[in-house]
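Worksheet: the structure to be examined is printed underneath.
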Amino acid sequence: MKRKKKITPYLLILPSMFFLVLFIYYPAVKTLFKSLFLINSNNIPVKFVGLGNYRKLFSDETFLKSIVVTFEYALVVIPVTILMGYLLALISASGRRLSPVYELMYAMPMAVSMSVASVIFKLLLNGNLGFINHVFHLNIMWFTDKKYALWAIIIIGIWMGLGMTYIFLLSAVRSVSEELLEAATAEGAGIWQKVRYIYTPMISPTLFYLFCVNVGSALMMSGPVIILTQGGPDSSTSTIMYYMYQKGFYVYNYGLSYSAAVVGFIIGFTVILISFIWEKRGVHY
């Protein structure tokens, strides 16, 4: 009987572990394995080259630039998305008139696919007939000007990530104790004191979770780049994920594509690891 009780928990998690191994661990190990080989056009390893693919990778200026572009994208999109989501959540939670309407509007990006969002922004940011240029009297070629192309991708990234971020933060803000807020009001605390000393510490686990999710999203940014800019102009919007896509599906250099995937994973893992070290000091459970 005791032996059966010991086995039961493992049997319950077996289906989850099966899919975890099948869709996450196995592809990860396979990618690492293939990054050490010369791969033919049929995606079959033909010769062991060790770190040869990685040496080629880091001697490729386009890849090095894609790392810089990815970091630039992440450094803007992640904080802006979280701050905007936080601000909108605070406004919605204040119980103002028409708050349900605003909630629906702010959450709408979640219902729009990446490809549809890219097409919408292609029209909005069109250099000649775009709505944004017309309203603000601008003359910017958003997707063909090297100075602005990455900013166009950043705008799309913020809009796409805002819906989920807003929903999570709205739920977290509404979970803060009303009695605690009323006591703070009675002591003369203003809105910014409440945000700093009550809201932020109490929803810090949600903020930390959203930071990790947005780091992953930033590293995987490729859809709008594929649809709108193809990494241009002059590789100014070429992210790590787009570099992998280009090498794998256009050039058929699978070895470099796998190697770029491994490097991207290492970068993401390092950022998340550092975040978990900081979590012990900045996140309150």
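Glycine is no exception: its Cβ is also placed from the backbone N, Cα and C atoms.
What TrEMBL records for 67-275 is domain 'ABC transmembrane type-1'. Taken from TrEMBL, the feature transmembrane segment applies to 7-28, 73-92, 104-125, 148-169, 206-229, 249-278.
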Top stretch among 7-28, 73-92, 104-125, 148-169, 249-278 for CB pairs under 8 A with the transmembrane segment (206-229)?
148-169
Out of 7-28, 73-92, 104-125, 249-278, which stretch has the largest tally of CB pairs under 8 angstroms to the transmembrane segment (148-169)?
73-92
Give the nonlocal contacts of the transmembrane segment (7-28) in its own chain as ranges (CB under 8 Å, at least six residues past its ends).
265
